[in-house]
C-alpha cells in the first residue's frame, strides 16, 4: 500500500517537472523569433555589425560598450558627462554594480576609459513582452572628461519626425554573420529609415510595431544591426534618433531593423538626466 502511494507521488512529481520544462521551452521558443535582444546570461550576445565597415571611435565618439562583468553586452550613447542611454532589455533585472561602460576606444575589450554604472533607470512603461519603450538611462559613478573620442550625442526635439528614406548610421560591436570579419573593432552601417506602415506589415505576424519604434534597413537586406549591437545608436546628421532594439534575424530581406524612437521620450530623458 505504501509502495503504491510512493509510486503515485513519484509519477505526479515527474509529470509536474515535465510540464514546467515544457513551459520554459515554450517561453524560450517564443523569443527566438527576435534573437537580437535575447538577454544574457541565459543566451550569448554576439559581437558584430552585419554588412558594415570598420570605423574609428572618433567618427562616433558618443558610442560606448556596455560591459556586464567586464564583457561586452550591448551598445550605448553618451548623453552628457554623467548619463548614458541604452536599451531597457540590456539592463532589466541586472544590478548596477555588475555594469560598466567603456568609452573612447574602437575596441570593446581594451583601451579607452572604463567607468562603473551607479544607477539604472529603465523607462517606467517598458514592456518586456513587446519590447515597447525600450529605453534605459544609466548614471555613471564619475563624470566623463570629453575629448576627440568621447563626446555627447545631440538629441531630437520631443516628437520630432524622421522622414522616410532618411539615411542613418548605426554602429556597434554586434554580429557580422561573417567569419572573415573581426569582432574586435567598432563597425558601422548606413541604412535608410523605413515607412512606419510598411514596417508594421513586415512584422504583422509578431504583432507589428508601436509608435515608440522606428525601422531602418533595405528591402533586400544585407545591412543591419545584430546581436551585441542592442542599445547602440542610430544617428542622423549627428542626432540620436534611435536605439538598437530588435528585429527578425539580422539583415534578412523584408525585415528591417527595429529601433526605439528617441524623440518620443525626449522629455523623459531631459527630466531624468538633464540632457
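For all residues, glycine too, the Cβ spot is worked out from N, Cα and C.
Copied over from Swiss-Prot, here are the features:
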- 89: active site, charge relay system (ACT_SITE)
- 134: active site, charge relay system (ACT_SITE)
- 230: active site, charge relay system (ACT_SITE)
- 74-90: disulfide bond (DISULFID)
- 199-215: disulfide bond (DISULFID)
- 226-250: disulfide bond (DISULFID)
- 49-274: domain 'Peptidase S1' (DOMAIN)
- 1-22: signal peptide (SIGNAL)
- 224: site 'Required for specificity' (SITE)
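Features recorded in Swiss-Prot, as mapped to the structure shown.
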residue: 74; record: disulfide bond; DSSP (3 states): strand
residue: 89; record: active site, charge relay system; DSSP (3 states): helix
residue: 134; record: active site, charge relay system; DSSP (3 states): coil
residue: 199; record: disulfide bond; DSSP (3 states): helix
residue: 215; record: disulfide bond; DSSP (3 states): strand
residue: 230; record: active site, charge relay system; DSSP (3 states): coil
residue: 250; record: disulfide bond; DSSP (3 states): coil
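When the Cα of residue 74 (disulfide bond) is compared against those of the active-site residues 89, 134, 230, the shortest separation belongs to 230. Fewest Cβ neighbours within 10 Å among the disulfide-bonded residues 74, 90, 199, 215, 250: this applies to 199. Taking the Cα atom of each, residue 89 (active site, charge relay system) and residue 230 (active site, charge relay system) are about 8 angstrom apart. Within 10 Å of residue 230 (active site, charge relay system), counting CA to CA, the disulfide-bonded residues 90, 199, 215, 250 contribute 90.
Considering only the disulfide-bonded residues 90, 199, 215, 250, residue 134 (active site, charge relay system) has 90 as its nearest partner by CA-CA distance. Of the listed active-site residues, namely 89, 134, the sparsest Cβ surroundings within 10 Å are found at 89. Taking CA atoms as the reference points, residue 199 (disulfide bond) and residue 90 (disulfide bond) are 23 Å apart. Counting only the Cα atoms, the space from residue 215 (disulfide bond) to residue 250 (disulfide bond) is about 13 angstrom. Mean pLDDT for the domain 'Peptidase S1' (49-274) in this predicted model: 93.
Between the C-alpha atoms of residue 90 (disulfide bond) and residue 250 (disulfide bond), the distance comes to 18 Å. For residue 230 (active site, charge relay system), the number of other Cβ atoms no farther than 10 Å from its own Cβ, over all displayed protein chains, is 29.
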